[in-house]
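Visitor: Right, I'll just put the structure down here and ask away after.
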Amino acid sequence: MFNVSALRAATPSIASVSSVASPSEQHGLSTSVGVGVNDTTSRTGDGGAASSASSASAAPQQQSQSALHNKLEAKWDTLLPTDTNLQCSTWPDSIPLLAGYSATPTFSFDPCTYGSYDPSAYFASNGIAGSMYTLPDQFPRSENDMLDNSNTSNGNKSDKDGIKLEDEDEILEDEENDEEDDGTGKRKKRKRRVLFTKAQTYELERRFRSQKYLSAPEREALAMQIRLTPTQVKIWFQNHRYKTKKSHTDKPINAALLTTMPNAFSSQSTAASFPTRAMPIPMLVRDSSARSSDISSTSPYTVAFGSANSGYLPTPSAYLPATSGYFSNGPSAASSYMTNTQWWPS
């Protein structure tokens, strides 16, 4: 006899499988199930007489049902998610798939695996990388602009190098100037000269006028006052003493040169250089009894150019006219060689 309880237990699994199967398969399944149920009801209605015949006809049907059930289970197994066929991923991980890149990286992210990254080893010195590593430029540039930029950068670099070289040359020149030859062929370094300010020089000169030699405590006090070292103050005083001593020794030499020069006011040099000539000099005569010898002896002309008895001076009567006719109370003709003389009354 056909087992109805086994059929009822099998129908829920078939119904669950039918929800996943396709519509055509569901239709075949329903027809087969309906046929089986109808056969079962018909066989139960016939009684025990038809039990043997129904069991013989149910064997092929069970085989077809089991084959259909195995087929549905195999298809259901293919739809179930497994670790090998399906991987659950989030939305950000699937974004690279839109651009044609694989979601899984092909290399390790461990920094210890690779060496240090040096951009200069892969790209040019002007900073322009490949298109696959950089974003497109918003302002496209031509090759000429790139060449100009590279030339300007090279020019700036060369200018900086030139400035550095010039500075180094100046430093070397200063060092060479600081070195001087002492005569033995060896270079001796000379210290650079220290320039004092006006205030420092004024204070040093003022102290030197009052005191030419300073003791060690006085040097230290003066150095602290004008912000110098005691050694600088000592050297300044030594140099200044030498300069003043040298200037004093030069002054007597100049005086000796002046004394050895010929005197321009001597009588002999004047007589030899200038011709003698008598010049009338106006003067006041108070006493009319003065003689010509006295006048000639006290004349400024004779004082300047020698004595009256000198052979260079001629006699007054040789070139002076007589003035006796012009002055009634004047002196004698011998003493009247002064034409512009005014006489006082006696």
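Heads up, residue numbers simply count up from 1 along the chain you see.
The backbone N, Cα and C atoms fix where each Cβ goes, and this holds for glycine too.
Checked Swiss-Prot, it gives:
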type: REGION; residues: 1-68; note: region 'Disordered'
type: COMPBIAS; residues: 9-24; note: compositional bias 'Low complexity'
type: COMPBIAS; residues: 25-44; note: compositional bias 'Polar residues'
type: COMPBIAS; residues: 49-67; note: compositional bias 'Low complexity'
type: REGION; residues: 135-190; note: region 'Disordered'
type: COMPBIAS; residues: 147-156; note: compositional bias 'Polar residues'
type: COMPBIAS; residues: 166-182; note: compositional bias 'Acidic residues'
type: DNA_BIND; residues: 189-248; note: DNA-binding region
Visitor: What does the DSSP secondary structure composition of the DNA-binding region (189-248) look like, as residue counts for helix, strand and coil?
Guide: 43 helix, 1 strand, 16 coil
Visitor: Give, as a single whole number between 0 and 100, the mean pLDDT over the DNA-binding region (189-248).
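Guide: That stretch averages a pLDDT of 91.
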